[in-house]
Amino acid sequence: MGRGRIEIKKIENINSRQVTFSKRRNGLIKKAKELSILCDAEVALIIFSSTGKIYDFSSVCMEQILSRYGYTTASTEHKQQREHQLLICASHGNEAVLRNDDSMKGELERLQLAIERLKGKELEGMSFPDLISLENQLNESLHSVKDQKTQILLNQIERSRIQEKKALEENQILRKQVEMLGRGSGPKVLNERPQDSSPEADPESSSSEEDENDNEEHHSDTSLQLGLSSTGYCTKRKKPKIELVCDNSGSQVASD
């Protein structure tokens, strides 16, 4: 049969209590020693009996373990306190953020309502003075828009005038350059024209030369005809009269 489970509760019998304490104390010290050896751990054990007697065990110096325990505990407590403070600050910050968020939402709603009223909407809850103020605000906005529009148009007109003036100046400069080029290239063209001309390239000049040659030939022919006519006339006029004269010998001799 197995061992029955012992109910964990205070032992009322004093003698039985002392016997149980002695057995379990020795077993606890043995387990602590085995733990320090097997796991290379620093173990400290302090036991106070019900009669006030102290029992202790430490794998190393007890003061060193207690000092380390105190430092670690203090650090842990400080860390816990710091974390607690951070949590408090975070909660306060969250509350501030929430309040700021609420105020921002209210401001956003107010601005959206003002925009809608500027558009001529959501006017039901406005009083007469509020409507007059809104009307004045809209009139000022309208005047500002008109002034800005006029200024933009004036700026565009001024830019157009500047561009027109610049274009006229450039046109005048180009015209002067063209006139100067025309004056400088005129005589050069006249001088070079006879060198570049040829019968095939200049039909008008060739035709004029042919006309001049024809005129010269016609003039020479006319002169030749006139010369021949005058020569014949002169020959006709100066033709001597031949008379036959018989001399004593009986022969005929021609005489003028």
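Cβ atoms are placed via backbone N, Cα and C, with glycine included.
As annotated by Swiss-Prot, domain 'MADS-box' applies to 1-61, with the evidence given as sequence analysis.
Over the domain 'K-box' (94-184) the predicted model carries a mean pLDDT of 86. Here Swiss-Prot flags 94-184 as domain 'K-box'.
According to Swiss-Prot, the feature region 'Disordered' maps to 179-232.
Swiss-Prot lists 199-215 with the feature compositional bias 'Acidic residues'.
Taken from Swiss-Prot, the feature compositional bias 'Polar residues' covers 222-232.
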Within the domain 'MADS-box' (1-61), residues counted as helix, strand or coil by DSSP: 26 helix, 10 strand, 25 coil
Counts by DSSP class (helix H/G/I, strand E/B, coil) across the domain 'K-box' (94-184): 82 helix, 0 strand, 9 coil
